[in-house]
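S.K.: In case it's useful when we look at the structure, here is the feature table from TrEMBL:
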DOMAIN    3-284  domain 'Dihydroorotate dehydrogenase catalytic'
BINDING   S20, K44, G45, N98, N125, K163, I189, G215, G241, G242, G263, T264  FMN binding site
BINDING   K44, N68, A69, V70, G71, L72, N125, N190, T191  substrate binding site
ACT_SITE  C128  active site, nucleophile
Amino acid sequence: MMTSVNIAGVDFKNPVMTASGTFGSGREYSKFVDLNRLGGVVVKGVASKEWLGNPAPRIAETYGGMLNAVGLQNPGVDVFIEEDIPFLRQYDTNIIVNIAGKTVEEYVEVAKRLRDADIDMIELNISCPNVKEGGVAFGTDPKMAEYVTSEVKKYAKQPLIVKLSPNVTDITEIARAVEAGGADAVSLINTLLGMKIDIYKRKPILANRVGGFSGPAIKPVAVRMVNQVYNSIKLPIIGLGGICTGEDAIEFILAGATGVAVGTANFSNPRATIDVVEGIERYMDVMGVGDVNELIGNID
Ligand SMILES: Cc1cc2nc3c(=O)[nH]c(=O)nc-3n(C[C@H](O)[C@H](O)[C@H](O)COP(=O)(O)O)c2cc1C
């Protein structure tokens with residue numbers, strides 16, 4: 001049975017990775033998950049300098065999912081290079097670094113700092129709904145999306161994945177823009193913008209008022225968008241949004257994803273990534289699929 005895939009020239013032993021911001025840099029999860037079993041680890045967003053994130057409360061549960069407004073808290077790229085890369089390199093898995101910035105210059109600075117780092121790919125987050133500047137503003141305007149992609153591409157040494165926001169009318173427009181900007185792959189979806197209200201206090205639960213909605217409840221939206229993007233551009237796709245099981249992952253692959261990532265599911269089931277790897281293998285076995293690549297976009 002062949003489960004390996006190639007995304008923008010990088011070989012993955014299987015399509016399964018972690019979703020940025022839901023797995024840290026793998027250290028905490030390594031007690032539960034053998035990181036060697038994963039196709040890749042996508043780390044929490046890294047900025048040029050330390051970011052403190054948003055005030056609490058910044059997490060709220062919803063039916064079938066959650067809202068978060070963490071606000072891309074991170075210790076900055078230097079700490080990441082010093083501490084997290086050596087940790088992750090002990091394992092036989094790809095390291096994908098999700099980068100964040102408030103300005104184009106900040107994104108470029110992180111890509112430059114990572115040029116000599118021992119990592120496999122960069123994922124450009126132009127889709128976070130919880131930061132005031134940058135973030136989602138870049139991901140919802142096709143011209144800005146193309147511009148920031150092309151600027152980062154100039155300086156990035158590793159293949160560049162651009163992560164798309166679902167908070168747009170037509171995601172294929174943004175996908176085409178980042179393809180034109182030189183992206184090597186796209187990942188989708190980031191969180192949907194959501195809100196939850198405490199009806200007794202009559203105020204929003206999150207200090208930030210709104211947050212990013214993720215988890216199983218968003219899966220149909222994500223599958224639809226992956227399929228639309230698959231039919232619109234030539235770049236390989238990493239699909240995510242509510243994946244909890246191997247069956248969920250297969251749905252994304254059939255919609256057109258070459259890779260898949262597991263996010264919110266890690267919080268309720270620390271071994272979710274392994275369950276997804278095993279679930280894909282089980283499906284292939286039962287369905288007599290010899291090579292996972294046969295499944296990509298293979299629906300009527
Ligand atoms: C607590 C939390 C933090 C996140 N942080 C990031 C981040 O730093 N960068 C990013 O690109 N996406 C971030 N995301 C979005 C996820 O990577 C993913 O796109 C989204 O949650 C949908 O997948 P899921 O439903 O499987 O969680 C975060 C999501 C959550 C729940």
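We count from 1, first residue shown onward.
For all residues, glycine too, the Cβ spot is worked out from N, Cα and C.
All TrEMBL annotations are machine predictions without curation.
Locate each feature and note its surroundings.
M.R.: Looking at the domain 'Dihydroorotate dehydrogenase catalytic' (3-284) alone, the prediction's average pLDDT is 95.
Around S20 (FMN binding site), a 10 Å sphere centred on its CB holds 28 further CB atoms from the protein chains shown. For the recorded site, S20 (FMN binding site), the DSSP three-state label reads coil.
Within 10 Å of the C-beta of N125 (FMN binding site) there are 29 other C-beta atoms, taking all protein chains into account.
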S.K.: Nearest by CA distance to G241 (FMN binding site): which of the binding-site residues is it, out of K44, G71, T191?
M.R.: T191
S.K.: Just the number: how many Å between the Cα atoms of A69 (substrate binding site) and I189 (FMN binding site)?
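M.R.: A69 (substrate binding site) to I189 (FMN binding site), Cα-Cα distance: 16 Å.
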S.K.: For ligand 1, pick out the binding-site residues G45, A69, T191 that have a CB under 6 angstroms away from one of its atoms.
M.R.: G45, T191
S.K.: Closest to K44 (substrate binding site): which of the binding-site residues S20, N125, G263, going by Cα position?
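M.R.: Answer for the nearest of the binding-site residues: S20.
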